[in-house]
Each structure stands twice: as structure tokens, then as C-alpha cells.
Amino acid sequence: MLGLTTRFSFLALCVLQIDEEVAKLLELKAQLGGDDGKHQFVLKTAKGTRDYNPRQMAIREKVFNTIIGCFKRHGAETIDTPVFELKETLTGKYGEDSKLIYDLKDQGGELLSLRYDLTVPFARYLAMNKITNIKRYHIAKVYRRDNPAMTRGRYREFYQCDFDIAGQYDAMIPDAECLKIVHEILSELELGDFCIKVNDRRILDGMFAVCGVPIDKFRTICSTVDKLDKMAWADVKKEMVNEKGLSEEVADQIGEYVSMQGGMDLAERLLQDQKLSQSKQACAGLSDIKLLFSYLQLLQVTDKASAEKVRTTEVQVMVVSAQKNLLQERLKLVSDLWNGGVKAEMMYKKNPKLLSQLQHCEEAGIPLVAILGEQELKDGVVKLRVVSTREEFDICRADLLAEIRRRTSEA
Amino acid sequence: MEDKAQIHEAIKVQGELVRKLKSEKANKEQIDEEVAKLLELKAQLGGDDGKHQFVLKTAKGTRDYNPRQMAIREKVFNTIIGCFKRHGAETIDTPVFELKETLTGKYGEDSKLIYDLKDQGGELLSLRYDLTVPFARYLAMNKITNIKRYHIAKVYRRDNPAMTRGRYREFYQCDFDIAGQYDAMIPDAECLKIVHEILSELELGDFCIKVNDRRILDGMFAVCGVPIDKFRTICSTVDKLDKMAWADVKKEMVNEKGLSEEVADQIGEYVSMQGGMDLAERLLQDQKLSQSKQACAGLSDIKLLFSYLQLLQVTDKVVFDLSLARGLDYYTGVIYEAVLTQTGVGLGSTEAQQEAHAEDSVSVGSVAGGGRYDGLVGMFDPKGRKVPCVGVSIGIERIFSIMEQKAEASAEKVRTTEVQVMVVSAQKNLLQERLKLVSDLWNGGVKAEMMYKKNPKLLSQLQHCEEAGIPLVAILGEQELKDGVVKLRVVSTREEFDICRADLLAEIRRRTSEA
């Protein structure tokens, strides 16, 4: 039956036949029903979600350490919130995207939904605790029922990493620090060259106003302008005129402004711009951009991978036996190393082969091997082997811990 | 508007009615009827009425972690993860929800506590209930036969807080497991070494790790005359010995579970025994118990385990205790549980919740638990491939609770940030210099901050340092700037030193590394 189903899979004529055979299959499965003691296992994760294997976790940890290190360097605290909120907390906050929220089943209690971002929970946290000032970061997973067919490869469970400064302060100083943080993080992560674009909502609105965009169209024209990073101006203009109802003249005026890029000099020039300077909003925004750039200069941000083996464990020393019947000595030595704070491991075999143990070191990237052998034990030494160079040194048992610490701190 | 208010009121009343009926264990049909009415009322509210109300609460059974709690949590995690890494463990992560079918049929009666997601037209999903079933799925999915892994993540259970005081519905689990076919008892011994290291490093006070073996328990029940079909239920009764006196446990065995007094008394003799390797040896000579092959296998393994524990230097806190039962069905060999033995450690609400490996009842004061479970992964593999496992779950919520109480009781302040230096102005119009200096410090890797004010008062800035526990202050002043120095102030001693601007970074690094 299954053979038929796959062979005819592309002929429309056989769709009916496929359905019939699938129905038979489902019926057979249903006959199993209930808990028959043999627990069937569906070996997949939910659509749009994935496990992180140890290699991915090692990479993830490095990235988090860099980012969190930066947040902490700037004096930020962190909080954590539950993975689900009361449905009412999230209702009405995400506009059209609300349909992407995961709801929990009504099981007779409160109605709940999985968090969609970290910003609404942050706002709830501030209000709930009557907090007026806080500098906080929050790294956690959020949930969106995107349709993967339409947004290729998009996950439904994914990390967000937010940093926010809440509170009444003097203009642009915290804003400048946020940009300094982005700059530090992207530099430290060594992702390559990057560029941070800056603008101001008041400048955008002022610009729309002086170009003749009706106020009720500001938001929708704004999302069209936003597409300039993906579409050419010609297409963006087309959307403004054909879909959003702007005249060509108004669109052209917008086009002149949105092609401008620069630094503090551009802000100064625009403050002199005949048209734009008529908008109070735009002027406020432009003054603040100037102020921001002056701070960015002081913070030194106005300017902009080797195939290292990714290890999944941090073991520094593997304790191995060169001959049989040395399990006791291995256990004693590994225990001494653990007690001394050294990251160590050994094979769970009473009499493992030396070659297998050394192979494990190479595969796992363990840098040192402490080899116990009968002769060495009589002489009171342990053979310490450096995996990368294959050099070996006989170290007096009493000095071993110090020697290992020395070598691992230099690494 | 009025309609909405009426509906809200009706919902409240109906909700109370439903709760009342449920607690009175009323007729199921009646409950279903009233629940249906309640759902209908809720449906009438529907939609978005434009007035964005902010409901200022978290969902029942969940809570935020504030910065202070996060700082404590971070310290605890660092200690625990440091130990796992020292032992060469890798880590994995799995999604917060699984396909409903993955979780179905794995938790017995507790299945009703699983959070389901609403059927929104796609796959049926449920929030994970523990980390063990996802682990088994991960192993089977990736055809992994050997792994030493830890996994720290939150799990979800719809416990009824009315019945289990203060129990959370979202809480952390911290699991460590060694999966794979190895020579007997070596990985089991390492698990116990890890528990010992963690509990010692966390400085929670004196603790004791009780050890037993499922085969010894079953063998003991057999030779005492317990019918095979009552093994599991008698096991859960024995498990209550950590909370109830033997007299009450015996009563339950005889009155509720149908054992004869004679059989119960025989069990009573064994479960009062505690000791070390010597006890295992004695029991191997025990006339009755030695008749059970199962028990003998368990006892030999306990002996072997203790010999390894001696070499790993942890026998001081480990006890072979025949009353340790641990309710879980899927343990097949050694089982263990760590308890704090100090009195006066506040037994707050979440301790009762501490789960060890998947589901079982946990005694008061328990901070870790686990054992060997050789058959579980095989159940999940399509070919029934066996992957033996041994592991432990650390009672991390209980530990948080204890650490929070300790922090509150002690005079020592819990810092929520790690700032080492605050950059301040002594006079007005020094914002530029502050920004330059703080930037140099950040570029040099120093943890620093400054006030977001152009002209803050010196006193406010110094006060912030005291409150936040920041140890050093770099004070910029007009005269000092002319002299090319920065005044470095040590908050705790109030000493001040004029440091040449060029040497400042090195001086700060020196002082902060000595700290």
C-alpha cells in the first residue's frame, strides 16, 4: 500500500487513490490506539523549532558571554519574566501581528499566551513594580506563529536580546550609550565591517509634512520608505503613488530627502534647509541628532575568523591508563584534579585501550593527557602529554596539579 | 460599557461557582455545564475594545525575577555549571513546547498537569513537563548512544496552588545525565561526586546523600512476602518514611494496601537499616535477603559503588539507606537523594516542589535526586535500542530560595550590577570630559558608568555609588584637569588619590584585580 502511494505521487488522477490509501493507513494506526505499552515516538520537534546540539551551544555561549560582558561593562542589571503572560496583557499591543501569537488552550483557568517579544513584558514589569529608572538587559526566547512557507527558514521559537534604559534623563546621553553598546558588541564579535544607521521619527514626520503628505498617511508612507533597504527607489516610489495615493510630485520631494546620508554636517545643513526648517518637529529632531553626534564623537564611535575548532566541552586534562588494572589510580588522580578545580575526565572503562583514550582527546580537543603507567607509578611520576605537540614530560606526582595549572593558565 | 461591566461581574460569579463545585467534587456533568456557561460568558467579551488595559499581574503560578534574584541565580548557576564543565559535560537545549504526542503516555496520572497549546489549526503542542522526555527524544532523534550532558531550563506544570502551597507552575530544572553502555558503577559514582561537589561549593550547610537500589528494594519486598503486583504501591508507601513515622507508614501498608502485619514488620526491620559498605556486606550474608538474586546484584553494585566513592573521596557524606524509595517507576538500579541536615533552614514554599528525575515525591529538605534508568530511552527508540542512563536533578528552586533567605538575613549586600568605577563630575560643564573618560574605561574593558545628566550634583553621584555598591569613583574636577590628574576615590575607606590620567587605566585594573 505504501509503495503505491509514493509511486503515483505526482499524478493528479491518483490523488483520489492516495487519499484512499492514506485513509486506510490512518485507520490501521487508529486500531493501535491508546497506550499499548509500546510507546510510539514521534521523532521530531514542533514545526519552526529546533534543538541546539552541544556544538551550537558552545558557539551560543561565546556569543552570549561577549554580549552580556558588554551589557555588564555598562552597568546594566538583568531581569527575567515568565514564558507566558495573561492573554489580556498581550492583547491590543501588536496590531496586525496579533494573529501570530501562540495561545494556550483554555483549560478552565486564566487565558494565557506565549510572549511575542520582551518589550511588552518589560513595560508590564515596570508598571507592576512602579519602577521609574532602570538600565536592564533581557535575553530570552520569544514565540511567533509565522508561516514558514511564506518566510523561508524563519523559526517560531527564537532568541531576543534586548537592552533598554528607562527613565527621565538629559537628552541624548542614554541614546548615545545605546549606540556605543551596539558598536562595542559588533566589534567584539568580529563579524566584519558594519554600519549603524541613525534617524529620528520627528525628522521623518517633519519631512512628510513639508513634502505634503496628509497626516493620516504618515505611518503607511513610513512603512513604504522602510522598504528602501530591500527595494530600489523606483519601486518604492511606485508603491507610494499607485498603492498609497500620493502624487508624483510629493513622492519626488520625499525621494530627494531620503537619498541623503551624512554625519553631523548633514544635520547642520538640513537645519538650514528652507523647506524642512519650517517644521518645528524636524528641527527638534535635527538638533538632537547634532547633540547625539557630538556625544558619539566623545565616545569614539563615529568612525565603524579563523576556523578555530569549536569545542563542546572545556575539559583540560584527560586521565588515562597505559596498562590494565589501573582504574583505582585513575579514579584517585581524577578526583585530586577535580578537587583542585581542574576540568578533567576519564573513560568509564576499567581497562580501556590507550589508543582509544588518546583518540578521544584528539576528537574532543582536550589539550593535556595525564598518563598513568606501572613504571611511572613506581617512580612516583605521571607522564604529562601535550596533545598538540605530542611532547611528553614526566612530572613528579606531587607537582602535577601545579604544573597543569601553569600550563592551562598560559593557554 | 455597562454590558461589559455586567459580563465581567457574571464571569466572576460563575468562576466562583465552578471553583466551588470542583472543590466539592460535584457531579461531573454539573461541573461541565457550569464551565460551559463560564466559557460562553468569556467569549462574549471578545475582541479588542481599543482601551489598552494593562493587567498588572503575571499568570498564576509564575513570577518575574528581579535584578537581585537574578544576581543570586547567576552565582548559583555559575557554581553548578562550573562543576558540570569540570567533569567534561556538554550541554544541549530543546524547545519549550513539544508535539503533544511526544509527551502523551509518559507521565501517568500527572498527565493532567500538562499545559496544552490551543489548537490553532496546526500541530497539537504541549509545554514540556520535564527535561528527561525531551532528552530521550533528542537521543533517539539523533541516534546518539553516548553522551554526558547537562540541561538547565524551565519546565511547566499546571499544579493547583491551592493544594500545594506556594508551588510554582513555571520553574527551573537542572539535570545532569550520563547515557551509554559503560562498565558498572563508574558513571554512577561520578554523579554522586558531582552532587557532593555542588552542594559543598554552594555552602548550604551540612548535607547527606542517601543511596539505595531498586533491585534491593524489590528483592526485599519479595523475600518479605509482598505480592509482586503490590511492589510499586508499597514502594511509594515506604517513600513516605522521610515525612511520616514508621507507625503511620505501617498503618498505611496494612490498612490501605492490604499487607499482613507480619509482612509489614519484616519490611520494617530492613528499612530501618543505614550504613556504608559494611551494611551491604552484612546484607549479602543475610539469610533471607540473600535468597533474592535481584537483591544480591544490587548489594554487590552498592559495594562496588562505595569502593569507587572512597577513591573519589566522597564517602563522608554518603549513606546506604534502605528506606530510600523514590516513587519513580523508571529507575532500574541505584537511586539517591541528597538532603540538607541543618535545622533552621527555612522551609519556604517552593522546596516541597523539588523534583528530581522526572516525577517523584520529594522529602522535605531534599536538594537533589536521581538514579539509574536503563529502560527509558529504549521505549522511545523505534527499534527499541537500549541506551542505559544514570543522572541527577539538582533542586535548583529550593537552592535559590535558601540563598535568597541567606542574603536577606546577612548584612552583605547583593549587588545587581558589576560596575567597578563610577565616573563623576565635581563641578558643572564637565560632561564632555566624563564621556571621554568613561569611553576610555569601556574600551579598556573596565565596567563603568556615569549619570545621564549634564550637570549632576557631586553628592547625588556619590550616593549612587554607595547604594549600588560601586567600589571606586573617578572624580573629574577643573583643577585636576589642569594638573592632568584624576582623583580616584575608594568608596569603602573614603581615601582619595590623585592619579596621572595616563596611568589611570592601569591603576584601576590593579585595584580591581586585587579585590
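Cβ atoms here come from the backbone N, Cα and C positions, even for glycine.
For B:Arg326 (L-histidine binding site), the Cβ neighbour count at a 10 Å cut-off comes to 26, with all displayed protein chains included. Annotated L-histidine binding site per TrEMBL: B:Asp130, B:Leu131, B:Thr132, B:Arg157, B:Gln173, B:Asp177, B:Arg326, B:Tyr330, B:Tyr331, in sequence order.
Annotation source TrEMBL lists domain 'WHEP-TRS' at B:3-59.
Per TrEMBL, the feature domain 'Aminoacyl-transfer RNA synthetases class-II family profile' maps to B:32-403.
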A correct count of other C-beta atoms within 10 Å of the C-beta of B:Gln173 (L-histidine binding site) gives 24
With 8 Å as the upper Cβ-Cβ limit, not reached, which of the binding-site residues B:Asp130, B:Thr132, B:Gln173, B:Tyr331 neighbour chain A? none
Just counting, how many other CB atoms are there within 10 A of the CB of B:Asp130 (L-histidine binding site)? 22
Averaging pLDDT over all residues of the domain 'WHEP-TRS' (B:3-59) gives 76
Just how many other Cβ atoms lie inside 10 Å of the Cβ on B:Tyr331 (L-histidine binding site)? 27
Is B:Thr132 (L-histidine binding site) helix, strand or coil when read with DSSP? helix
Summarise the domain 'WHEP-TRS' (B:3-59) by DSSP state, stating how many residues are helix, strand and coil. 39 helix, 0 strand, 18 coil
Just how many other Cβ atoms lie inside 10 Å of the Cβ on B:Thr132 (L-histidine binding site)? 26
